[in-house]
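See structure below.
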Amino acid sequence: MDQKQIEEIVRSVMASMGQTAPAPSEAKCATTTCAAPVTSESCALDLGSAEAKVWIGVENPHRADVLTELRRSTVARVCTGRAGPRPRTLALLRFLADHSRSKDTVLKEVPEEWVKAQGLLEVRSEISDKNLYLTRPDMGRRLCAEAVEALKAQCVANPDVQVVISDGLSTDAITVNYEEILPPLMAGLKQAGLKVGTPFFVRYGRVKIEDQIGEILGAKVVILLVGERPGLGQSESLSCYAVYSPRMATTVEADRTCISNIHQGGTPPVEAAAVIVDLAKRMLEQKASGINMTR
């Protein structure tokens, strides 16, 4: 699917919702509007600021304009310079800060108050705490007994599409992107004339947990929005795993269709919502997902 097709899908879904699609320039990475690059090194500089992110550590460059353009075009660690064989102090501090941020988002919990504020039903996997979640991924693939009963009692049965949200390995991915992806996604699915299930939140969930959810609720398509494993400097990336007619015993990873890198610096959440709506419609038409779908 090329950029033009994606933009058409976004316009179509947003139009059906009575909203205006964002201009292409608004969907670009925030780095294009960062502050001008600086070369001075200061311990007082906020390591998370835009100024620190576009800092250039190369001293006396031959073509400063080339470095400036390169630094503005990517969030990668380029143009940081060296102090002999070692990285410069600010470059090292930024590396450590980004590493710390990535660890924090893995270990943080999605606040119960936040889940309640969104009006979501909360269930959990067989995992009871974050440490167990990180060491026993197999238990994160199954719902606890209480969760199974809650879904049977409180969720719509036999939906065309069931949307599930889970913390995964990034709490920030859920809390930061939720408002921009779930409302347009739910509205787009309903505008498409599909029977949409009750969205809910799964604490300590792994990707394969959507198979059990689909089996319990009798959903034709299950869409799981889950926090991605964070990278250095990027802890807000969300993934969508969609699968047609999942079954615990027979569904394999090749049966899933994945849309990753959903965040403001990657695929904008509102754009991803439109693409997911189109994907769900095609899955229902073809009665397939993953490698079994035709382009």
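In case you wondered, yes, glycine gets a Cβ from its N, Cα and C as well.
Bear in mind that the values here come from a model prediction, so they are computed numbers and not experimental data.
The adenosylcob(III)alamin binding site annotation in Swiss-Prot covers Val207, Glu228, Cys258.
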For the binding-site residues Val207, Cys258, the one whose C-beta sees the most other C-beta atoms within 10 angstroms: Val207
Residues close to adenosylcob(III)alamin site centre defined by Val207, Glu228, Cys258, Cβ within 8 Å: Gly168, Leu224, Val226, Ser239, Cys240, Tyr241, Ser260
Cβ atoms near Glu228 (adenosylcob(III)alamin binding site) (within 10 Å, other residues, all chains): 20
Greatest inter-residue Cα distance in Å for the adenosylcob(III)alamin-binding set Val207, Glu228, Cys258: 12
Secondary structure of Val207 (adenosylcob(III)alamin binding site) (DSSP, helix/strand/coil): coil
